[in-house]
């Protein structure tokens, strides 16, 4: 290059600040994609990756100024004080370190190439492109210049995607000229991955690994496999990377995240701990450890982990956000608000913290603050082509529901009905989590100044009788807690459903004593739905984020099409750990249905099918078996359960549908769903009404009798009624805890107290759905309930409905802290 050209470069350089010259191909654009995915789980941000960049070796070059030491006094010079000699010294150092890709025999040319890479290393991509272009005018096939220009275009593509095509063109030329350089394939993968061409990027990384395996390459490919949700392969790559280079905290962290996503929480926890052994101040590892413990339902260990992350950095936004969300779902709303406020001080436009702050305020009855926060989320309209956040999609529903609650704050709950008051399309869209696009929707009235927010209520302000009522509710609610991964204890839900249990007990007792109840502004005999509505109202008020709505009260058009309650048990490699204990039961059920099918349609091949099924121990292995024996099974099959009628012997109702689809293990969907159509709903409701009628008659008889047999028959009827309720799945959310609080309350009305806890791994709704009859469900439930005679003091407790008649009084009691007042029960 002529001296004049070099002068142009140096003039360009003098216009910008030159920090310590470092250029690394740690591929931040790929990691941005990866971290966007991880961000959903509360994992590394881009800035945090840079913080730990010392963990990673550079694949192409790392420039160092020999005259400048980090932290030196005076500090390193800026480019304003640099001269041509110093730029040349950096280029010479670069040559001495043998960092030039594709060097040539000519020393002067190598020096010119080095200057181009120095420009890239300092973010001067346009100048670098001009520099390499001048070199290529003299030698159109100078590989290092083509490569350098490709890298510069690639770096520019992070700001302008049009440059990606130019970068790929240049890198393709390099591969044609030099097909055996792994760095070029890696660089091309870096361009392809942000374009969504993940499979091509994976192919390039695989080629690079074949040419020259390294810890960095395996880690890079692992990140892309993670994005593709191929967690098994990603885990193997991270493991390979760690075997080649042990001291990699980030690779260990990401290996743990592959376990986390597969539902292997204990393995994830152990791996996160290994990452902390490699780097004791690794904030991301503590944060991820907290998330794993949270999913496991271990609140104390999760809090400890989040606390350690925040001790290392009190301004760590994701740890504040995640800890706040966990506190909300633990029922500690005031503490949660503190975390969200701190999060928003640091990052005012954080939608998650803004939404959760608004939700927490509304749940506590602080509507003015709550709706103000919600409105801020609504102002964050997504840009054209940008996907709206889940908080943005939900916030309009929450705001409308918040306004509704506020306007009904002091109206007795018995005088209105949420399911009838809220517009049908609003309920339908809310329950299905659809975008808020509702034609002719009339907004709820704004906040009315004369209705004041809910004020804090001190536990001591309640009478001793009401205090005993609250403490009893806390104890009863805790008995409903699932001991299963994925279910975090929630003391607010415990109190709400404990109060629901006591109110059901009192309402049933009054009904059996021929008293009437006040419902929807009318006084009448209590029906089965009224009994469940008691639990529904408490479940609703405990967490306004979740639409707990009766599906048969949805618009007729929606119900006629069927309202599906859908649960993914396995999606790809993601296992729903909540239902893991039921996989074997469901597998046995599917096998039985397959044998029944083949017995009817292929009796000659039945023996062969039976033998093949005996070797199947996992749901994932069923699909190839089905394809082998049934040509109709291409990409999947469904199996339907049946629920026997008690009312009409021999009659059966549709239960739930099991679906298994996919073309191979690791790429399958295993799900269950109930379809709440109008016809199915009427069938189940007819069954429930019949049982409730019998239950009421026997309950009234029990009031006049002391026979134990009557109480046992009553117990079976109560459990049978809930068996059909759970199989119907009539609510958009919360069917299980609503059902169990009704079971406990009705049993207490019959003189039976539940002492036992729900066993580990058991879920009330799934227990009902996977047992073949109401009798078998009753036997199973009674085996863990450990029923005893109800102590007489329960009858002297104050009336729940009269003590907490309005939404305001209900919120007040849920907000009240009783931790230092109620006796601890084992």
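Note that Cβ sites are derived from N, Cα and C of the backbone, with glycine treated the same way.
Automated prediction, rather than curation, is the source of TrEMBL annotations.
Remember, predicted model here, so these are calculated numbers, not experimental data.
The annotation signal peptide is assigned in TrEMBL to 1-21. The feature repeat 'TPR' is assigned by TrEMBL to 215-248, 249-282, 283-316, 317-350.
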Secondary structure content, the repeat 'TPR' (215-248) (per DSSP, counts of residues): 27 helix, 0 strand, 7 coil
Beyond the flanks of the repeat 'TPR' (283-316) by 6 or more, those residues with Cβ under 8 Å of it: 41-44, 48, 249-250, 252-253, 256-257, 260, 265-266, 268-269, 272-273, 275-276, 322-323, 326, 330, 346, 483-489, 577
Per-region confidence, the repeat 'TPR' (317-350) (mean pLDDT, whole number): 97
Per-state residue totals over the repeat 'TPR' (283-316) - DSSP helix, strand, coil: 28 helix, 0 strand, 6 coil
Residues of the repeat 'TPR' (317-350) by DSSP state, where helix covers H, G and I: 28 helix, 0 strand, 6 coil
